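Features as listed in Swiss-Prot:
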- 73-112: region 'Disordered' (REGION)
- 76-100: compositional bias 'Low complexity' (COMPBIAS)
- 124-177: region 'Disordered' (REGION)
- 125-135: compositional bias 'Low complexity' (COMPBIAS)
- 164-177: compositional bias 'Gly residues' (COMPBIAS)
- 184-261: zinc finger (ZN_FING)
- Cys187, Cys192, Cys209, His212: Zn(2+) 1 binding site (BINDING)
- Cys228, Cys231, His235, Cys247: Zn(2+) 2 binding site (BINDING)
- 244-260: motif 'Bipartite nuclear localization signal' (MOTIF)
- 327-382: region 'Disordered' (REGION)
- 345-375: compositional bias 'Polar residues' (COMPBIAS)
- 403-472: region 'Disordered' (REGION)
- 403-430: compositional bias 'Low complexity' (COMPBIAS)
- 450-466: compositional bias 'Basic and acidic residues' (COMPBIAS)
- 496-517: region 'Disordered' (REGION)
- 496-514: compositional bias 'Polar residues' (COMPBIAS)
- 558-597: region 'Disordered' (REGION)
- 579-593: compositional bias 'Low complexity' (COMPBIAS)
Amino acid sequence: MQREVGPQVAPPMFLHQIQPLPPHATAAKKRGNPWPAAAVAAAEAKGGGNWNPRMWDWDSRALTAKPSSDALRVNAGLSHHQQQQQQSPPAAAKAAEALRQGGGGSGGLNLQLGLREDAATPMDVSPAATTVSSSPSPPASSAPAQEPVVRPSKRVRSGSPGSASGGGGGGGGGGNSGGGGGSYPMCQVDDCRADLTNAKDYHRRHKVCEIHGKTTKALVGNQMQRFCQQCSRFHPLSEFDEGKRSCRRRLAGHNRRRRKTQPTDVASQLLLPGNQENAANRTQDIVNLITVIARLQGSNVGKLPSIPPIPDKDNLVQIISKINSINNGNSASKSPPSEAVDLNASHSQQQDSVQRTTNGFEKQTNGLDKQTNGFDKQADGFDKQAVPSTMDLLAVLSTALATSNPDSNTSQSQGSSDSSGNNKSKSQSTEPANVVNSHEKSIRVFSATRKNDALERSPEMYKQPDQETPPYLSLRLFGSTEEDVPCKMDTANKYLSSESSNPLDERSPSSSPPVTHKFFPIRSVDEDARIADYGEDIATVEVSTSRAWRAPPLELFKDSERPIENGSPPNPAYQSCYTSTSCSDHSPSTSNSDGQDRTGRIIFKLFGKEPSTIPGNLRGEIVNWLKHSPNEMEGYIRPGCLVLSMYLSMPAIAWDELEENLLQRVNTLVQGSDLDFWRKGRFLVRTDAQLVSYKDGATRLSKSWRTWNTPELTFVSPIAVVGGRKTSLILKGRNLTIPGTQIHCTSTGKYISKEVLCSAYPGTIYDDSGVETFDLPGEPHLILGRYFIEVENRFRGNSFPVIIANSSVCQELRSLEAELEGSQFVDGSSDDQAHDARRLKPKDEVLHFLNELGWLFQKAAASTSAEKSDSSGLDLMYFSTARFRYLLLFSSERDWCSLTKTLLEILAKRSLASDELSQETLEMLSEIHLLNRAVKRKSSHMARLLVQFVVVCPDDSKLYPFLPNVAGPGGLTPLHLAASIEDAVDIVDALTDDPQQIGLSCWHSALDDDGQSPETYAKLRNNNAYNELVAQKLVDRKNNQVTIMVGKEEIHMDQSGNVGEKNKSAIQALQIRSCNQCAILDAGLLRRPMHSRGLLARPYIHSMLAIAAVCVCVCVFMRALLRFNSGRSFKWERLDFGTI
């Protein structure tokens, strides 16, 4: 009132009138006194990014932040200090009451209450911002430093558990809001009874926990059912197709709706705000008319309460007549000479329209008024005819739209109305997209953009606030096929090469991919030198976007099975990734990367945010944003405003789709969220190859952000550390000594960081052989799990996994370091190298194995630490059997007995969760034939481990999953394979040494398809030693004795009394259980002592005498003079030649 009366009085009195205002500001400052002034000033200067990680406990799996014990103690002290302060003045009390009551509104209010005169931004009192804590609230500027209570994930609807009589606009939790006084909302699955008091509003409303909402099978009402993602209720399994998350009925309806237009966003764009009363009524009539038509043809009737009611045909005719009367003076010169409707808009008319239109809304309405010649002609037709049919009316409106849409779209694509006429005419001559095609399909309007025009002028950002009406009307009045879906996002960029003389280059949007330009071409050195920072002014490919845009890429419409989520149906190749196996039965290292889940990282840097501003349903929003593709997901936060690193395991096709359409996906994230966490402020999103920035409705895609000085880890040693021990890691990679580089390590939801010291020699800063060290603290409670080692410099870098396990498993995993250190990373800037990277190389295969093993160890550690049967069993249950199969094959092929045993123990724990999982696990183990593989490799240690592995069931019964008589292909058992292999005595010994002695019993009785036993196989291949070994074991078992081979002699140990009392008592005292122990101990106990007999022992004397006798005889014969009766005497010395 004072500001309205002020101009009527003298200036001194006006200044005197506003004197009562300062007490309000003083009261606000007095309320802010209990908070540390330095902390508040620092928070305002830093934009909320100077928060202390020790004050928050972060759940890396649920993506929720809670105040730590230190924060609770600090808040308790502050609350006690606040109670001793003076009560706030009445004006401030009224303001606080207004804040509390403002949360009950439907959309929230932006109020400037005068508490701070210097505050330029209005105070947000929307339900998401009016969080009430247990203690009196500080001023809004210091609110982030305070612990909030659980806020609702969405506005609570009537009838939901969160809207029960709890009062006050609800915190979303509701406590016992599900029913009566002492009850609480619980999951409807049999034997679950999960408390949904603190669960999301969606889960409380539908009475299903998060786990059973995603599982493929659940027992509900003594019947196996599955939760439908679209119906939000359970259906029998017979109503679902294999691999589908929605029932067939809803999928069929989705397929029908998919072929129609989606006018939801168009209708929301066309609505004029209620406070814009200065706009002309004719513009309101045009917009409302087209809005009604959009509502008639869509499936969203009743979803938008602000849309006017549907009039009958008489009212529509009256509106058109009104428009005709307004433009009667101008319609004669612009109407076509023929009374028939001309669906082809002339080029000259479009050119004039382009010259007259601008980006502002007022000039756009003028363009709409000048393009109503179709309405004028048809209005005359209405006077001549009787009541026209509905199809005739829709034809008239489509004609008018055909003549009005090119202006708006062209204005949108051009970005400015002062372009030269030469460029416009040239653009129209080379782009026939504005002309309706000759096949009489539905009208399509696309923007025309010249290549040179787009390259010469600098990019411009088109910002569309929520309160403004977009200056374009991308509306189709008739149903169309998939080919007719326009993609407005790509139009300006797709036709940059439209001047090409090759007709194949000028493809229509219906046959072109969503983004045809190359965001990351091969860069020169000069380009890399220019792009040295990721700052806000970096050269970017700026695409015109607004919050109202929801048009998904064209290629995504080809899927007819998965439900539409956030306005974008997923790619059809997703389902094949879910059902595909991770590796081959014979060679796991030759599997294709497309059939495996890839582990990657998405980083969000949120400016001006801190953990208190993170919504409670952040995990659900990210999962919905990624179209439920992630199989695994973890997140870690650290200061620097708020840096959220998301590690996800998704199919390779999902990663590729995200990289190709990151700009559009970020728009979907902002528009699909109901919270201001994404909509307001500024944030960056980084994947492995792209960077997108968002600020106040404008989205940018970085043209090239990876530079030649980007730090990159190529090797970490050791790759496996013992849990609970302090370890020093050696990091190798590129550009690790650049100033500003930091090393981070994820640990139990927090980060351990280290600043890299700059190299003393400037010439060695940018090199490919940097070496750094990083010390791990060795947390005692962390026995099994995984670290992620990250390097970062200016929001660029990569990560490397490190496994946490026991010493024996770490020793086996460290054998992979040779494979990792010997190979190099693939440079993704080259197309050829990127194509070759599609085939997993040895290093990629090792990293994939470490990532998968890390996900499993994380789940196993969580289940072990929690010691909750329900949560732990269900947690491991979602680690698929196919992924277990891959890990078992990879480990067993390398003869890692310790790791294989650990994996089998975790698998056994998982299989005990349900009978179906047990059956599925046994089928998987029977398919991969681990024992057969060990026999072929002649791995006696692995074979002995497998045949002796036992699973103890809940009823104390024992199950041996690896039996030596299990028949494989052709009826061959592991015994047959061992009998046919040479030098496999140890393998036969291990197979016939199983606890149940099945191997001994089946050596003669197990037959293959040809009726041959293992004994026969051994005889045919002259492996008689195997039969002798088995026969000796059978005799020993029959006689209750043990046979030990010492050299080539057999020593029989009769356990019934054949051995001396001394030896017998010694053996019984040692309780020999293993044949190896028997051989070692009994060889020392039973070997007779050999007394030294010197050199005159009898065997030596006999040999020496024999040799001496032979030597004497030879010498006598050779030296004697021989005489013969005939001939002269013979002497050996004169022997030359002659006869004897």
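Placed from the backbone N, Cα and C atoms, the Cβ positions cover glycine too.
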- Note on the structure: Within 10 angstroms of the C-beta of Cys231 (Zn(2+) 2 binding site), the count of other C-beta atoms across all shown chains comes to 14
- Message: Which one is it: of the binding-site residues Cys187, Cys192, Cys209, Cys228, Cys247, which Cβ has the fewest other Cβ atoms within 10 Å in this structure?
- Response: Cys192
- Item | Non-site residues, in chain order, whose CB comes within 8 A of the mean position of the CB atoms of Cys228, Cys231, His235, Cys247 at Zn(2+) 2 | Arg226, Phe227, Gln230, Arg233, Phe234, Glu239, Phe240, Ser246, Arg249, Arg250
- Item | For the zinc finger (184-261), mean pLDDT (0 to 100) | 84
- Report the residues of the chain - excluding Cys187, Cys192, Cys209, His212 - with C-beta within 8 Å of the mean position of the site's C-beta atoms, for the recorded Zn(2+) 1 site, in sequence order. Met186, Gln188, Val189, Arg193, Ala194, Val208, Ile211, Gly213, Ala218
- Task: List the Cα distance (Å, whole number) between His235 (Zn(2+) 2 binding site) and His212 (Zn(2+) 1 binding site).
- Result: 13
- Item | Where Cys247 (Zn(2+) 2 binding site) sits in the secondary structure, as DSSP reduces it to three classes | strand
- Count, for each of the binding-site residues His212, His235, the other C-beta atoms lying within 10 angstroms of its own C-beta, and report the residue with the smallest count. His235
- In the zinc finger (184-261), how many residues does DSSP assign to helix, to strand and to coil? 20 helix, 13 strand, 45 coil
- Task: Pop the Cα-Cα gap between His212 (Zn(2+) 1 binding site) and Cys231 (Zn(2+) 2 binding site) into the table, whole Å please.
- Result: 15
- Item | Cα-to-Cα gap, His212 (Zn(2+) 1 binding site) vs Cys247 (Zn(2+) 2 binding site), nearest whole Å | 16
- Query: In angstrom units, rounded to an integer, how far apart are the Cα atoms of Cys247 (Zn(2+) 2 binding site) and Cys187 (Zn(2+) 1 binding site)?
  - Reply: 21
